[in-house]
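For reference, TrEMBL has these:
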- 82-109: coiled coil (COILED)
- 25-39: compositional bias 'Polar residues' (COMPBIAS)
- 253-268: compositional bias 'Basic residues' (COMPBIAS)
- 269-280: compositional bias 'Low complexity' (COMPBIAS)
- 1-47: region 'Disordered' (REGION)
- 215-236: region 'Disordered' (REGION)
- 251-287: region 'Disordered' (REGION)
Amino acid sequence: MLASPGMLSMTIATDERSRDVSPSCFVSRSGSTSSTGQLERSALKSPGVMPESQLMLKNELELIRAQLQAQTKAFEALSHSITLLEQESNQQQSRIAQLEEELRFATSSSRETLFEGLMQKRIQELWRAVAMEVEGLHGSMKQKESCVENLSQEVLESKKFLWEELEAVQGELQRIHQKLRDQEVDITRNLVSIKKMQDNQVRCTRFLAQLKGRVSGDASETMDNKPRSDEGDDAWLADSLSSCSIWGEKRGPLRKKSRGSRYHHRKASSSSLVPPDSSLHQQRSSS
């Protein structure tokens, strides 16, 4: 048989009343579960019911299930809150016991001893706070000392590095100055050697011109069959050759010492000062 609407309303009202927090919630829960089981069995036993009534019955069953789940969650929350209240009550009882002990101590002792005890307690707390502050200051001072030591070490290392760099730069400057002095000495020697070469070139040119004139004079004299004396000419020729040989001996070490670009520069300057073969030939022909 189907459950009447009055019976369903009574069941819902009973479920709503069972939401209150009381030890009878288990009984209401068991009753509601039995009523829902009866409704489900009645719904299964009546196959000839109209679809609308079955739908309504199904909705009512879902509503009852939701209410049961809500009641279960509420019961769990209530049990949790009861546990918390029990813990809090235990803590309060322990605190009450401590206060009673302090009150008993205060009533048993005089005011002076109580005041001294409070002062001692405050002094101990103050000493603890001061000790903590001092420890913190010691730690900060140690950190600052380590930072200062590291900074001083870095400054010393940088100073040492700068001194080494300065010494290296000074040594390099000294080497550069020495090279410049050597180059000045080489340039001076080269200029002196160029001057001597120019003088020797002029002498050689004059000697060749005179030698050519004398050779032509000797040829004319042999043609005219005129005897002559060459003692003065031989002496002048020997003097010129000896001067050329001495200059060649002095010039040997200078050639070995001057190298590279200085040798090429000297060669170019000497070649520019020496007249070409064509001009020398013209001078000879004119003489």
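For all residues, glycine too, the Cβ spot is worked out from N, Cα and C.
Computed from a predicted structure; not experimentally measured.
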Tertiary contacts of the coiled coil (82-109) (same chain, 6+ residues out, Cβ under 8 Å): 117
Per-region confidence, the coiled coil (82-109) (mean pLDDT, whole number): 83
